[in-house]
Each structure stands twice: as structure tokens, then as C-alpha cells.
Amino acid sequence: MHFNEWKPCRSLPVDKGWAWVVLMASSVILIIVQGSLRTFGLFIVELQRNFETSSTTISIVLAAESISNCLSSFLAMNCLSNILSSRTLIIIGSLLSALCFILDSVASTALMLPFFHLLSGAGIAFSYGPCLVNISHYFKRYRGTANALVSCGSSIGQFLFSPLRIFLITQYGVNGALLVNSALFLQYFIGEHRLSQGLGLMYLFTGLLASLYYPFFGYIRDLTESYDVGYVINSVALIVSGVLFLSEACVKYKKSPGSDN
């Protein structure tokens, strides 16, 4: 079943039975994806120390992953979703992500890492979007609840992976921890109209901005010899984005028919 061909039918267990199993599986995938993505900085610090390279150079790894992620998301959600099923895309994504971390563990120079992480960016793109689209296939009445629960998977992943990676690096070294991380991605094996296209466009623009952010962050680190300035800039950006989000909600409320104005 393709993303753009979904229509409600009696054979699909909407809001019941197998739909909740799909929700649980999607949550686990997002735990792995977001946990790995948001805590990769722990590996970056160790890799920078091993290869004795600058923050600007090592940040190119994150930039390459972001570029690959945004372009692959657009490709997966707008083109490949018409050819391949969500399950196939997720399996391909798991293989690409696992291969990336296996290659990371045997890399002999920092210049090899950006090319390896082109695979990781594509793997995350092939896994993340299809999981969210699947929720719209299996839930109608409880779609809001399902989306909230699957989003919790992202937060749980970020919370769990930080201590897990510190433990793995301490016990097995950075190369051993990278191999264990590749094995986690292999665990993947065990809407609405135009939703996939909308997600693809969102990931495209988000990834393009992120690809500029990481080199800038590395440059600020080399310039100031401290991460503090970069974190302050990041915090200000988050606050501004939150204010803009709330202002948009207020404007929509003012324009709604039920408002006093």
C-alpha cells in the first residue's frame, strides 16, 4: 500500500487492534532515530579528539548529514512513496543508517566521515517520515492521541540515549560504541491527502537550515574557544521561534468566528 493511495476500508484496522501495534513500533523507531540524532554530539567530541581535528572540520559531518537528510526526505516522501511501501522505506533506512555507523567505526581519517554520514542522513529520512504517515493510515478518531504518543518516542529517545552512549563509550571506546549503535538501527526489521508531500517539503527546508547551522556553530567554537556562545545563540533562536509560534496561534484565535472581535 502506497502513501498516496490510502483510503478508508474495512480491511484496515483503524483505531483498533493492529493499529496500536503499528503505533508502538513507530514509537520505537522514533526513539532510536531521535535518540541517535540528538545525542550524536557525544560521538563528535570523541571523534574530534581521536582524529585531532578542529570543530569546524568535524562539524562538516553534521552538515553533510543534514543536507542528505533534507534532500532524501523530499525524495522519499514525494517520489519513492508512490513506488515503495512504508515498510520497505523503513527497512532501507535502517540498512543505510547501520552501514554508516559501521563505516564510522573503521574510518582512518576525519575526511571520510562526511561521506559516510550522507548514508545516515538518507537512512533517517527514509525512516522518520514513513512512521508519521503510517499513523494517519491507522488512526482516525484517535489520531491526535496517536500522534502525541509517537511524539513521546522522540523525547524518550533523547532522554535515554545520552547516558547509554556515555556508558558504551566508557566500556567499549568510541569505535565499539559506534558498532553497537549500528546494531540498534537494525532493530527496525523486528493521512491524509498529500500528507507525505507536506512532510517532505517541511524536512527539505528544515534540513537546509540545519546544514548551515552546524558549520556556523563549529566556526563560533573555534573563534571563541568555547561552546557557551553557540548555546546562547541556540537558546535565543528557540525562544524567538516559540514566540513566533504563539503569536501565530493568537492571530488565528482573533480571526476565528467564535472570538469576540
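Placed from the backbone N, Cα and C atoms, the Cβ positions cover glycine too.
The shown structure was predicted, so the numbers you read here are calculated from the model rather than taken from an experiment.
Same-chain residues lying 6+ beyond the ends of the transmembrane segment (17-37) with a Cβ under 8 Å from its Cβ atoms: 90, 97, 124, 127-128, 131-132, 134-135, 138-139, 146, 149-158, 160-161, 164, 181, 184-185, 187-188. The transmembrane segment feature in TrEMBL is assigned to 17-37 (among others).
Taken from TrEMBL, the feature transmembrane segment applies to 89-109 (among others). Here the transmembrane segment (89-109) has long-range neighbours at 29, 36, 43, 47, 51, 76, 80-81, 116-117, 119-120, 122-131, 175-176, 178-179, 181-183, 185-189, meaning same-chain residues at least 6 beyond its ends whose C-beta is under 8 angstroms from one of its own.
Beyond the transmembrane segment (115-135), the same-chain residues lying 6 or more positions past its ends with a Cβ under 8 Å from any Cβ of the stretch are 3, 22-23, 26, 29-30, 33, 37, 61-62, 64-70, 72-73, 75-77, 80-81, 86-87, 89-90, 92-101, 103-104, 107, 143, 146-147, 150, 185, 188, 191, 195-196, 199-200, 203, 207. As annotated by TrEMBL, transmembrane segment applies to 115-135 (among others).
Proximity of distant same-chain residues to the transmembrane segment (147-166), defined by a Cβ-Cβ separation under 8 Å and at least 6 residues beyond the stretch ends, is recorded for 23, 26-36, 38-39, 42-43, 131-132, 135, 177, 181. Marked as transmembrane segment by TrEMBL: 147-166 (among others).
The transmembrane segment annotation in TrEMBL covers 172-191 (among others). With a cut-off of 8 Å between Cβ atoms, the residues of this chain six or more beyond the transmembrane segment (172-191) that come close are 3, 6, 28-29, 32, 36, 43, 46-47, 50, 90-91, 93-95, 97-102, 104-106, 123, 127, 133, 135-137, 165.
The transmembrane segment annotation in TrEMBL covers 198-217 (among others).
What TrEMBL records for 229-246 (among others) is transmembrane segment.
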